[in-house]
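Enquirer: Next up is a structure, given as C-alpha coordinates.
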Amino acid sequence: MLPNTGKLAGCTLFITGASRGIGKAIALKAARDGANIVVAAKTAEAHPKLPGTIYTAASEIEAAGGKALPCIVDVRDENQISAAVEKAVDAFGGIDILVNNASAISLTNTLETSMKKVDLMMGINTRGTYLTSKICIPYLKKSKVAHILNLSPPLNLNPMWFKNHCAYTIAKYGMSMCALGMSEEYKGEIAVNALWPKTAIHTAAMDMLGGSGVDKQCRKPDIMADAAYAILTKTKDFTGNFVIDEELLQQEGIKDLDVYAISPGHPLLPDFFLDESPETLASAMEEHGATAAFKAGKKQAKSQDASPLQETFKAIERSVNEEAVKSTQGIYQFVLSGEESGNWFLDLKNDKGGVGKGEPSTKADVVMSMDSGDFIKMFAGKMKPTMAFMSGKLKIKGDMGLALKLEKILGQMNAKL
(Lines of atoms letter the chains of each structure in order from A and count residues from 1; the text may use other names and numbers.)
(Lines give C-alpha, C1' and ligand atoms only; values in the text may rest on other atoms or scores of the structure.)
Protein backbone atom coordinates (compact mmCIF):
# COMPACT_ATOMS: atom_id res chain seq x y z
CA MET A 1 0.00 0.00 0.00
CA LEU A 2 1.01 3.63 -0.46
CA PRO A 3 2.86 4.91 2.63
CA ASN A 4 1.87 8.13 4.35
CA THR A 5 4.38 10.96 3.97
CA GLY A 6 2.95 13.52 6.39
CA LYS A 7 2.25 16.01 3.59
CA LEU A 8 -1.35 16.49 4.71
CA ALA A 9 -0.45 17.28 8.33
CA GLY A 10 -2.48 20.30 9.46
CA CYS A 11 -4.47 20.45 6.21
CA THR A 12 -8.25 20.66 6.39
CA LEU A 13 -10.27 18.31 4.20
CA PHE A 14 -14.01 18.78 3.63
CA ILE A 15 -15.28 15.34 2.55
CA THR A 16 -18.90 14.72 1.56
CA GLY A 17 -20.35 11.29 2.26
CA ALA A 18 -17.51 10.54 4.68
CA SER A 19 -19.48 8.51 7.22
CA ARG A 20 -18.71 5.23 5.44
CA GLY A 21 -17.16 3.57 2.42
CA ILE A 22 -14.69 5.34 0.16
CA GLY A 23 -15.25 8.75 1.74
CA LYS A 24 -14.36 7.43 5.18
CA ALA A 25 -11.34 5.54 3.82
CA ILE A 26 -9.99 8.78 2.29
CA ALA A 27 -10.59 10.54 5.60
CA LEU A 28 -8.71 7.90 7.60
CA LYS A 29 -5.76 7.98 5.19
CA ALA A 30 -5.45 11.75 5.61
CA ALA A 31 -5.98 11.45 9.38
CA ARG A 32 -2.83 9.32 9.65
CA ASP A 33 -0.91 12.41 8.50
CA GLY A 34 -2.56 14.48 11.23
CA ALA A 35 -5.08 16.22 8.97
CA ASN A 36 -8.30 17.95 10.02
CA ILE A 37 -11.37 16.24 8.56
CA VAL A 38 -14.85 17.69 8.14
CA VAL A 39 -17.17 14.67 8.02
CA ALA A 40 -19.99 16.12 5.91
CA ALA A 41 -22.74 13.51 5.56
CA LYS A 42 -26.42 12.91 6.28
CA THR A 43 -26.23 9.97 8.67
CA ALA A 44 -26.39 11.23 12.23
CA GLU A 45 -28.20 8.19 13.64
CA ALA A 46 -27.44 4.53 13.03
CA HIS A 47 -29.03 3.20 9.83
CA PRO A 48 -30.72 -0.25 10.00
CA LYS A 49 -28.88 -1.49 6.89
CA LEU A 50 -25.87 0.78 6.42
CA PRO A 51 -22.98 0.94 8.90
CA GLY A 52 -21.56 4.14 10.39
CA THR A 53 -22.61 7.68 11.25
CA ILE A 54 -20.80 11.01 11.10
CA TYR A 55 -19.98 10.53 14.78
CA THR A 56 -18.56 7.00 14.53
CA ALA A 57 -16.48 8.13 11.55
CA ALA A 58 -15.22 11.11 13.57
CA SER A 59 -14.15 8.79 16.38
CA GLU A 60 -12.20 6.61 13.95
CA ILE A 61 -10.54 9.67 12.41
CA GLU A 62 -9.37 10.91 15.80
CA ALA A 63 -8.15 7.43 16.74
CA ALA A 64 -6.09 7.44 13.52
CA GLY A 65 -4.37 10.69 14.51
CA GLY A 66 -6.50 13.36 12.91
CA LYS A 67 -8.96 15.96 14.14
CA ALA A 68 -12.61 15.58 13.18
CA LEU A 69 -15.60 17.86 12.82
CA PRO A 70 -18.82 15.90 12.19
CA CYS A 71 -21.46 17.95 10.35
CA ILE A 72 -24.94 16.92 9.24
CA VAL A 73 -24.93 17.78 5.54
CA ASP A 74 -27.29 16.94 2.71
CA VAL A 75 -25.43 18.25 -0.34
CA ARG A 76 -28.76 19.26 -1.89
CA ASP A 77 -29.24 21.78 0.93
CA GLU A 78 -27.31 25.02 0.40
CA ASN A 79 -27.86 26.18 3.98
CA GLN A 80 -26.46 22.97 5.46
CA ILE A 81 -23.36 23.14 3.27
CA SER A 82 -22.77 26.80 4.10
CA ALA A 83 -23.18 26.15 7.82
CA ALA A 84 -20.72 23.24 7.71
CA VAL A 85 -18.16 25.30 5.79
CA GLU A 86 -18.46 28.14 8.32
CA LYS A 87 -17.98 25.67 11.20
CA ALA A 88 -14.92 24.24 9.46
CA VAL A 89 -13.37 27.67 8.96
CA ASP A 90 -14.08 28.60 12.58
CA ALA A 91 -12.63 25.33 13.88
CA PHE A 92 -9.61 24.92 11.61
CA GLY A 93 -8.98 28.33 10.07
CA GLY A 94 -9.87 27.48 6.49
CA ILE A 95 -10.35 24.69 3.93
CA ASP A 96 -7.51 23.25 1.87
CA ILE A 97 -9.10 20.27 0.15
CA LEU A 98 -12.62 19.37 -0.97
CA VAL A 99 -13.51 15.77 -1.79
CA ASN A 100 -16.87 15.44 -3.55
CA ASN A 101 -17.66 11.84 -2.72
CA ALA A 102 -21.41 11.86 -1.97
CA SER A 103 -23.34 10.07 -4.69
CA ALA A 104 -26.65 8.34 -5.49
CA ILE A 105 -27.17 5.46 -7.90
CA SER A 106 -30.06 3.76 -9.71
CA LEU A 107 -29.13 1.38 -12.53
CA THR A 108 -32.49 1.58 -14.26
CA ASN A 109 -33.50 2.48 -17.80
CA THR A 110 -35.41 5.59 -18.81
CA LEU A 111 -38.97 4.28 -18.43
CA GLU A 112 -38.20 2.55 -15.14
CA THR A 113 -36.47 5.53 -13.52
CA SER A 114 -38.97 7.66 -11.62
CA MET A 115 -38.48 11.41 -11.66
CA LYS A 116 -37.97 11.21 -7.90
CA LYS A 117 -34.89 9.06 -8.54
CA VAL A 118 -33.77 11.32 -11.38
CA ASP A 119 -34.01 14.36 -9.12
CA LEU A 120 -32.17 12.50 -6.34
CA MET A 121 -29.24 11.56 -8.59
CA MET A 122 -29.03 14.94 -10.28
CA GLY A 123 -29.41 16.72 -6.94
CA ILE A 124 -26.71 14.77 -5.12
CA ASN A 125 -24.26 13.90 -7.88
CA THR A 126 -24.24 16.89 -10.23
CA ARG A 127 -25.85 19.77 -8.34
CA GLY A 128 -24.41 18.71 -4.98
CA THR A 129 -20.89 18.59 -6.39
CA TYR A 130 -21.30 21.95 -8.11
CA LEU A 131 -22.87 23.61 -5.06
CA THR A 132 -20.37 22.28 -2.51
CA SER A 133 -17.50 23.31 -4.76
CA LYS A 134 -18.96 26.78 -5.25
CA ILE A 135 -19.29 27.36 -1.50
CA CYS A 136 -15.80 26.02 -0.73
CA ILE A 137 -13.92 27.77 -3.56
CA PRO A 138 -13.51 31.20 -1.86
CA TYR A 139 -11.70 29.45 1.01
CA LEU A 140 -9.78 27.05 -1.23
CA LYS A 141 -8.37 30.02 -3.17
CA LYS A 142 -6.64 31.14 0.04
CA SER A 143 -4.86 27.80 0.48
CA LYS A 144 -1.37 27.02 -0.81
CA VAL A 145 -2.31 23.38 -1.40
CA ALA A 146 -5.86 23.81 -2.72
CA HIS A 147 -7.44 20.75 -4.31
CA ILE A 148 -10.90 19.62 -5.38
CA LEU A 149 -11.28 15.90 -6.03
CA ASN A 150 -14.49 14.51 -7.53
CA LEU A 151 -15.13 10.77 -7.37
CA SER A 152 -16.45 10.47 -10.90
CA PRO A 153 -15.54 8.69 -14.15
CA PRO A 154 -13.73 9.72 -17.31
CA LEU A 155 -16.06 11.28 -19.88
CA ASN A 156 -16.50 8.22 -22.09
CA LEU A 157 -19.18 8.95 -24.70
CA ASN A 158 -19.59 5.34 -25.83
CA PRO A 159 -23.40 4.88 -26.02
CA MET A 160 -22.99 1.55 -24.22
CA TRP A 161 -22.66 3.46 -20.94
CA PHE A 162 -25.84 5.47 -21.52
CA LYS A 163 -28.44 3.11 -22.92
CA ASN A 164 -29.20 1.00 -19.84
CA HIS A 165 -28.98 3.69 -17.14
CA CYS A 166 -29.13 7.06 -18.88
CA ALA A 167 -30.09 9.13 -15.81
CA TYR A 168 -27.29 7.74 -13.64
CA THR A 169 -24.71 8.29 -16.38
CA ILE A 170 -25.82 11.89 -16.88
CA ALA A 171 -25.62 12.52 -13.13
CA LYS A 172 -22.14 11.01 -12.76
CA TYR A 173 -20.85 12.74 -15.88
CA GLY A 174 -22.12 16.00 -14.41
CA MET A 175 -19.60 15.53 -11.61
CA SER A 176 -16.90 14.86 -14.19
CA MET A 177 -17.82 17.97 -16.16
CA CYS A 178 -17.46 20.01 -12.96
CA ALA A 179 -13.89 18.72 -12.73
CA LEU A 180 -13.23 19.48 -16.39
CA GLY A 181 -14.63 23.01 -16.26
CA MET A 182 -13.36 24.09 -12.85
CA SER A 183 -9.85 22.78 -13.50
CA GLU A 184 -9.57 25.22 -16.38
CA GLU A 185 -11.40 28.03 -14.60
CA TYR A 186 -9.15 27.88 -11.52
CA LYS A 187 -5.90 26.77 -13.13
CA GLY A 188 -2.97 27.95 -11.03
CA GLU A 189 -5.19 28.54 -7.99
CA ILE A 190 -6.93 25.23 -7.30
CA ALA A 191 -6.07 21.77 -8.61
CA VAL A 192 -9.25 20.01 -9.74
CA ASN A 193 -9.24 16.33 -10.67
CA ALA A 194 -11.53 13.30 -10.89
CA LEU A 195 -10.82 9.81 -9.58
CA TRP A 196 -12.50 6.54 -10.57
CA PRO A 197 -11.84 2.88 -9.73
CA LYS A 198 -10.72 0.32 -12.29
CA THR A 199 -12.73 -2.38 -10.51
CA ALA A 200 -15.72 -2.53 -8.20
CA ILE A 201 -15.05 -1.34 -4.65
CA HIS A 202 -16.60 -3.19 -1.71
CA THR A 203 -18.92 -0.78 0.07
CA ALA A 204 -22.32 -1.04 1.71
CA ALA A 205 -23.84 0.28 -1.51
CA MET A 206 -22.18 -2.49 -3.52
CA ASP A 207 -23.57 -5.08 -1.09
CA MET A 208 -27.05 -3.67 -1.65
CA LEU A 209 -26.61 -3.71 -5.44
CA GLY A 210 -24.90 -7.07 -5.77
CA GLY A 211 -26.06 -9.01 -2.76
CA SER A 212 -24.03 -11.35 -0.60
CA GLY A 213 -20.98 -12.85 -2.26
CA VAL A 214 -20.20 -9.84 -4.43
CA ASP A 215 -17.41 -8.85 -2.04
CA LYS A 216 -15.05 -11.50 -3.43
CA GLN A 217 -15.08 -9.70 -6.78
CA CYS A 218 -14.23 -6.32 -5.25
CA ARG A 219 -11.30 -4.36 -3.93
CA LYS A 220 -11.22 -2.60 -0.57
CA PRO A 221 -11.91 1.16 -0.36
CA ASP A 222 -8.23 1.47 0.64
CA ILE A 223 -7.16 1.49 -3.01
CA MET A 224 -9.24 4.61 -3.65
CA ALA A 225 -7.94 6.18 -0.43
CA ASP A 226 -4.34 5.60 -1.51
CA ALA A 227 -5.01 6.95 -5.00
CA ALA A 228 -6.76 10.01 -3.56
CA TYR A 229 -3.82 10.57 -1.21
CA ALA A 230 -1.41 10.41 -4.15
CA ILE A 231 -3.44 13.06 -5.99
CA LEU A 232 -3.99 15.36 -3.02
CA THR A 233 -0.29 15.44 -2.12
CA LYS A 234 0.71 16.62 -5.61
CA THR A 235 1.27 20.27 -6.54
CA LYS A 236 -1.43 22.49 -8.05
CA ASP A 237 -0.13 21.98 -11.57
CA PHE A 238 -1.49 18.43 -11.47
CA THR A 239 -4.98 19.44 -12.56
CA GLY A 240 -7.67 18.57 -15.09
CA ASN A 241 -6.94 14.84 -14.90
CA PHE A 242 -9.32 11.89 -14.99
CA VAL A 243 -7.41 9.40 -12.89
CA ILE A 244 -7.93 5.63 -12.64
CA ASP A 245 -6.91 4.33 -9.22
CA GLU A 246 -4.71 1.37 -10.14
CA GLU A 247 -2.98 3.17 -13.01
CA LEU A 248 -1.90 6.02 -10.74
CA LEU A 249 -0.73 3.67 -7.99
CA GLN A 250 1.35 1.71 -10.47
CA GLN A 251 2.96 4.99 -11.51
CA GLU A 252 3.60 5.65 -7.82
CA GLY A 253 5.53 2.38 -7.60
CA ILE A 254 2.89 0.07 -6.16
CA LYS A 255 3.50 -3.32 -7.77
CA ASP A 256 1.31 -5.62 -5.69
CA LEU A 257 -2.33 -4.61 -6.22
CA ASP A 258 -3.53 -7.88 -4.68
CA VAL A 259 -3.15 -6.29 -1.25
CA TYR A 260 -6.25 -4.24 -2.07
CA ALA A 261 -8.40 -7.24 -3.02
CA ILE A 262 -11.01 -8.64 -0.67
CA SER A 263 -10.07 -12.11 -1.94
CA PRO A 264 -6.55 -11.95 -3.44
CA GLY A 265 -6.33 -13.86 -6.71
CA HIS A 266 -10.08 -13.88 -7.30
CA PRO A 267 -11.32 -12.34 -10.59
CA LEU A 268 -12.42 -8.74 -10.14
CA LEU A 269 -15.61 -7.10 -11.34
CA PRO A 270 -14.83 -4.17 -13.67
CA ASP A 271 -16.39 -0.82 -12.87
CA PHE A 272 -18.57 1.18 -15.22
CA PHE A 273 -17.56 3.79 -17.80
CA LEU A 274 -14.05 2.59 -18.72
CA ASP A 275 -12.89 2.08 -22.31
CA GLU A 276 -12.57 -1.68 -22.13
CA SER A 277 -15.82 -3.41 -23.00
CA PRO A 278 -17.05 -5.97 -20.48
CA GLU A 279 -16.31 -8.77 -22.96
CA THR A 280 -12.73 -7.59 -23.46
CA LEU A 281 -12.20 -7.49 -19.71
CA ALA A 282 -13.65 -10.95 -19.29
CA SER A 283 -11.34 -12.33 -21.99
CA ALA A 284 -8.35 -10.67 -20.37
CA MET A 285 -9.23 -12.24 -17.02
CA GLU A 286 -9.45 -15.70 -18.59
CA GLU A 287 -6.13 -15.27 -20.40
CA HIS A 288 -4.43 -14.63 -17.07
CA GLY A 289 -5.89 -17.72 -15.43
CA ALA A 290 -8.74 -16.02 -13.58
CA THR A 291 -11.30 -18.78 -13.80
CA ALA A 292 -13.20 -18.74 -10.51
CA ALA A 293 -15.93 -16.26 -11.48
CA PHE A 294 -16.30 -17.72 -14.97
CA LYS A 295 -16.17 -21.38 -14.03
CA ALA A 296 -18.12 -23.65 -16.36
CA GLY A 297 -19.62 -26.56 -14.53
CA LYS A 298 -18.93 -30.21 -15.16
CA LYS A 299 -20.37 -31.27 -18.49
CA GLN A 300 -23.59 -33.22 -18.48
CA ALA A 301 -24.46 -35.93 -20.93
CA LYS A 302 -26.71 -34.41 -23.59
CA SER A 303 -29.89 -35.94 -24.87
CA GLN A 304 -29.80 -36.54 -28.62
CA ASP A 305 -33.20 -34.91 -29.01
CA ALA A 306 -32.80 -31.94 -26.66
CA SER A 307 -31.64 -28.56 -27.95
CA PRO A 308 -28.83 -26.64 -26.19
CA LEU A 309 -31.44 -24.36 -24.60
CA GLN A 310 -33.51 -27.29 -23.36
CA GLU A 311 -30.39 -28.90 -21.93
CA THR A 312 -29.61 -25.64 -20.15
CA PHE A 313 -33.02 -25.52 -18.49
CA LYS A 314 -32.77 -29.20 -17.53
CA ALA A 315 -29.49 -28.42 -15.80
CA ILE A 316 -31.08 -25.42 -14.07
CA GLU A 317 -34.00 -27.56 -12.92
CA ARG A 318 -31.64 -30.08 -11.31
CA SER A 319 -30.15 -27.28 -9.23
CA VAL A 320 -33.43 -25.84 -7.93
CA ASN A 321 -34.08 -26.70 -4.29
CA GLU A 322 -35.77 -25.37 -1.16
CA GLU A 323 -32.58 -23.65 0.00
CA ALA A 324 -32.35 -21.67 -3.26
CA VAL A 325 -36.02 -20.70 -2.93
CA LYS A 326 -35.60 -19.59 0.68
CA SER A 327 -32.52 -17.45 -0.02
CA THR A 328 -33.80 -15.87 -3.26
CA GLN A 329 -37.57 -15.31 -3.01
CA GLY A 330 -37.92 -14.21 -6.61
CA ILE A 331 -39.42 -15.27 -9.94
CA TYR A 332 -37.36 -14.73 -13.09
CA GLN A 333 -38.84 -14.62 -16.59
CA PHE A 334 -36.53 -14.94 -19.59
CA VAL A 335 -37.64 -13.48 -22.91
CA LEU A 336 -35.27 -15.04 -25.41
CA SER A 337 -34.67 -14.08 -29.03
CA GLY A 338 -32.49 -15.54 -31.76
CA GLU A 339 -32.14 -19.18 -32.75
CA GLU A 340 -34.23 -20.58 -29.88
CA SER A 341 -36.65 -17.76 -29.17
CA GLY A 342 -39.40 -18.04 -26.58
CA ASN A 343 -40.33 -17.39 -22.96
CA TRP A 344 -39.05 -19.41 -19.99
CA PHE A 345 -39.20 -18.91 -16.24
CA LEU A 346 -37.26 -19.78 -13.11
CA ASP A 347 -39.39 -19.80 -9.95
CA LEU A 348 -37.30 -19.40 -6.82
CA LYS A 349 -40.16 -18.06 -4.73
CA ASN A 350 -42.99 -20.59 -4.43
CA ASP A 351 -42.97 -24.02 -2.74
CA LYS A 352 -39.89 -25.97 -3.86
CA GLY A 353 -39.32 -23.79 -6.91
CA GLY A 354 -39.53 -24.73 -10.55
CA VAL A 355 -38.51 -24.19 -14.16
CA GLY A 356 -40.68 -24.16 -17.26
CA LYS A 357 -41.44 -22.87 -20.72
CA GLY A 358 -43.88 -20.00 -21.12
CA GLU A 359 -44.85 -17.51 -18.44
CA PRO A 360 -44.91 -18.23 -14.68
CA SER A 361 -48.25 -18.77 -12.91
CA THR A 362 -47.68 -15.62 -10.85
CA LYS A 363 -46.18 -12.36 -12.07
CA ALA A 364 -42.40 -12.38 -12.48
CA ASP A 365 -40.35 -10.12 -10.22
CA VAL A 366 -37.67 -9.74 -12.88
CA VAL A 367 -37.93 -9.95 -16.67
CA MET A 368 -34.67 -10.52 -18.53
CA SER A 369 -34.44 -10.20 -22.30
CA MET A 370 -31.49 -11.49 -24.31
CA ASP A 371 -30.37 -13.68 -27.20
CA SER A 372 -30.82 -17.41 -26.54
CA GLY A 373 -27.18 -18.10 -27.43
CA ASP A 374 -25.98 -15.55 -24.89
CA PHE A 375 -28.39 -17.00 -22.33
CA ILE A 376 -26.80 -20.43 -22.75
CA LYS A 377 -23.34 -18.90 -22.32
CA MET A 378 -24.49 -17.06 -19.21
CA PHE A 379 -25.83 -20.18 -17.52
CA ALA A 380 -22.72 -22.15 -18.51
CA GLY A 381 -20.59 -19.63 -16.62
CA LYS A 382 -18.99 -18.25 -19.80
CA MET A 383 -20.65 -14.85 -19.54
CA LYS A 384 -21.38 -12.97 -16.31
CA PRO A 385 -24.84 -11.36 -15.97
CA THR A 386 -23.24 -8.08 -14.87
CA MET A 387 -21.07 -7.96 -17.96
CA ALA A 388 -23.95 -8.99 -20.22
CA PHE A 389 -25.98 -6.10 -18.77
CA MET A 390 -23.14 -3.59 -19.05
CA SER A 391 -22.51 -4.52 -22.69
CA GLY A 392 -26.19 -4.21 -23.58
CA LYS A 393 -26.67 -7.93 -24.28
CA LEU A 394 -29.00 -8.30 -21.31
CA LYS A 395 -31.99 -6.03 -20.67
CA ILE A 396 -33.65 -6.05 -17.27
CA LYS A 397 -37.07 -4.93 -16.07
CA GLY A 398 -38.28 -5.18 -12.49
CA ASP A 399 -36.45 -5.74 -9.22
CA MET A 400 -32.80 -4.85 -9.88
CA GLY A 401 -31.73 -6.29 -6.53
CA LEU A 402 -33.10 -9.72 -7.48
CA ALA A 403 -31.55 -9.41 -10.91
CA LEU A 404 -28.14 -8.88 -9.36
CA LYS A 405 -28.67 -11.94 -7.15
CA LEU A 406 -28.69 -14.05 -10.29
CA GLU A 407 -24.90 -13.95 -10.47
CA LYS A 408 -24.60 -15.70 -7.11
CA ILE A 409 -27.32 -18.17 -8.06
CA LEU A 410 -25.47 -19.06 -11.26
CA GLY A 411 -22.27 -19.63 -9.32
CA GLN A 412 -24.04 -22.03 -6.98
CA MET A 413 -25.71 -23.84 -9.87
CA ASN A 414 -22.50 -24.21 -11.86
CA ALA A 415 -20.76 -25.64 -8.81
CA LYS A 416 -23.34 -28.45 -8.79
CA LEU A 417 -23.38 -29.15 -12.54
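Even glycines carry a Cβ here, placed using N, Cα and C.
OK, Swiss-Prot features for this one:
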| type | residues | note |
| --- | --- | --- |
| BINDING | G17, A18, S19, R20, G21, I22, G23, K42, D74, K172 | NADP(+) binding site |
| ACT_SITE | Y168 | active site, proton acceptor |
| DOMAIN | 306-414 | domain 'SCP2' |
Enquirer: For the binding-site residues listed here, G17, G21, G23, which shows the highest count of neighbouring CB atoms within 10 A?
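Expert: The residue with the most neighbouring Cβ atoms within 10 Å is G23.
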Enquirer: Should G23 (NADP(+) binding site) be counted as helix, strand, or coil on the basis of DSSP?
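Expert: The residue in question, G23 (NADP(+) binding site), is helix (DSSP, three-state).
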Enquirer: Within the domain 'SCP2' (306-414), how many residues are helix, strand or coil going by DSSP?
Expert: 48 helix, 29 strand, 32 coil
Enquirer: In Å, how large is the greatest distance between any two Cα atoms among G17, A18, S19, R20, G21, I22, G23, K42, D74, K172, the listed binders of NADP(+)?
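Expert: The two farthest binding residues have Cα atoms 20 Å apart.
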Enquirer: Round to a whole number and give the Cα-to-Cα distance in Å for the pair S19 (NADP(+) binding site) and the residue listed as 'active site, proton acceptor'.
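Expert: S19 (NADP(+) binding site) to the residue listed as 'active site, proton acceptor', Cα-Cα distance: 22 Å.
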Enquirer: Should the residue listed as 'active site, proton acceptor' be counted as helix, strand, or coil on the basis of DSSP?
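Expert: The residue listed as 'active site, proton acceptor' sits in a helix per DSSP.
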Enquirer: Just name the most isolated of the recorded positions S19, D74, Y168, going by other Cβ atoms within 10 Å of its Cβ.
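Expert: Comparing Cβ neighbour counts within 10 Å for the recorded positions S19, D74, Y168 gives D74.
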Enquirer: For the C-alpha pair, I'd like the distance in angstrom between D74 (NADP(+) binding site) and Y168 (active site, proton acceptor), rounded off.
Expert: 19
Enquirer: Which value does the mean pLDDT take for the domain 'SCP2' (306-414) in this predicted structure?
Expert: 84
